[in-house]
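K.L.:
Okay, handing you the structure first.
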Amino acid sequence: MTGNLRTFILMAALTALVMGMGGLIGGRGGAVIALAIAGAGNLFAWWNSDKMVLRQQGAHLVTRQQAPELVDMVAALAQRANLPMPKVYVLETEQPNAFATGRNPENAAVAVTQGIMRVLNRDELAGVIAHELAHIKHRDTLTMTVTATMAGAIAMLGNMLMFSSMFGGRDDNRGSGLAAILAMIFAPMAAGLVQMAISRTREYEADRMGAEICGRPMALAGALAKISRAAGQVVNIPAERNPASASMFIVNPLHALRMDRLFATHPPTEERIARLQAMASGAPASGPWGAR
C-alpha cells in the first residue's frame with residue numbers, strides 16, 4: 001500500500017469517526033452538523049496554524065543578509081524540488097531539529113534550530129531541509145493540520161456525548177447507552193491513534209522524497225542519527241510547552257519521551273535510516289545536491 005493511499009484511508013476513518021460521534025449525539029442531523037463544525041475548524045486552522053506554531057516556537061524570520069549560507073541552501077533545494085522559495089526561520093534552541101509549516105507551497109516556511117546548524121555538516125543539513133521541502137511539496141502541513149483539528153473535534157464530541165448521556169439525550173437516538181459509553185471512551189483514543197499513524201506515514205514519504213531532492217540519502221540518514229541522539233539530551237522548551245506540535249518536527253523533540261510504537265508521532269529512527277540506506281544503492285537521476 002502506498003503512503004498516499006494509506007493516508008487517504010486513515011483520513012476517511014477520521015471523517016467516519018466525526019460523523020459517527022455526531023450521529024450518536026443527534027442522529028443524521030447531528031452527523032452533518034459535526035462534519036460542518038470540523039470543516040469550520042479546519043478552515044480556521046488552515047489559515048492560521050502556521051502563524052500560531054511559529055509564534056509558539058519562538059521562531060524568527062531570517063534574510064539572506066543575516067544567514068546567507070542557510071538561505072542560499074534552501075533556495076537551491078527549493079529550485080531542485082520545483083517549489084517556490086519558502087520563508088526561512090530560526091529557532092533559538094540548542095536541540096538540533098527542524099520543521100515545515102504553511103497552508104500551501106506558496107505560503108510555506110522552513111524552520112531550523114540553532115542547534116541543528118551547529119551539529120550537522122553541510123550535506124546533512126541539506127538532507128534535513130530537503131525532507132522539510134518534501135513535506136511542503138506533499139502538502140503534509142495541510143494534512144496534519146486537518147487531522148489534528150478532526151482529532152480535536154472527536155474529543156470535543158466525546159465530551160458532548162458524555163453530557164448528553166448524563167442528561168437523557170434524544171429519545172430517537174439510535175445508539176444504545178452502551179454504544180454511547182464505548183464511543184465516548186474509545187473514539188477519542190482511536191482518533192489519536194489514526195492521527196499518529198498518518199504522521200508516521202508522512203515522515204516515511206518525506207524521507208524518501210527528501211533523499212531524492214538532495215540526492216544524498218546517506219546524508220539524511222546521518223542527520224537523523226545525530227538529531228535522534230541529541231533530542232533526548234537537550235530540552236526544547238517551546239516544544240515541551242506545546243507537545244501537540246511534536247509531530248511537526250523531523251524527530252520527536254520531547255525530552256526523554258519513550259512511547260509504544262502505536263502512539264509514536266514518528267517512525268523508529270532505525271527503520272527510517274534502514275530505508276534510506278536501501279535507497280543509497282541507486283543514484284538519483286538529478287545527481288547529488290551541491291556536487292561540483
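Backbone N, Cα and C atoms are what each Cβ position is placed from, and that goes for glycine too.
Keep in mind the model is a prediction, meaning the values are calculated, not measured.
Swiss-Prot feature annotations, pasted as is:
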ACT_SITE  Glu132  active site
BINDING   His131, His135, Glu203  Zn(2+) binding site
TRANSMEM  7-27  transmembrane segment
TRANSMEM  29-49  transmembrane segment
TRANSMEM  148-168  transmembrane segment
TRANSMEM  178-198  transmembrane segment
K.L.:
His135 (Zn(2+) binding site) has how many other Cβ neighbours within 10 Å of its own Cβ?
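P.N.:
Within a 10 Å radius of the Cβ of His135 (Zn(2+) binding site) lie 27 other Cβ atoms.
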K.L.:
Hey, of the recorded positions listed (Glu132, Glu203), which one tops the CB count within 10 A?
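P.N.:
The residue with the densest Cβ neighbourhood is Glu132.
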K.L.:
Just to be sure I understand the packing, how many Cβ atoms besides its own are within 10 Å of the Cβ of His131 (Zn(2+) binding site)?
P.N.:
28
K.L.:
Compute the C-alpha separation of Glu203 (Zn(2+) binding site) from Glu132 (active site), stating it in Å without decimals.
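P.N.:
Glu203 (Zn(2+) binding site) to Glu132 (active site), Cα-Cα distance: 10 Å.
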K.L.:
Name them in sequence order: residues not among His131, His135, Glu203 whose Cβ is within 8 Å of the mean position of the Cβ atoms defining the Zn(2+) site.
P.N.:
Ala100, Glu132, Ala134, Asp140, Arg202, Glu205, Ala206, Asp207, Gly210, Ile250
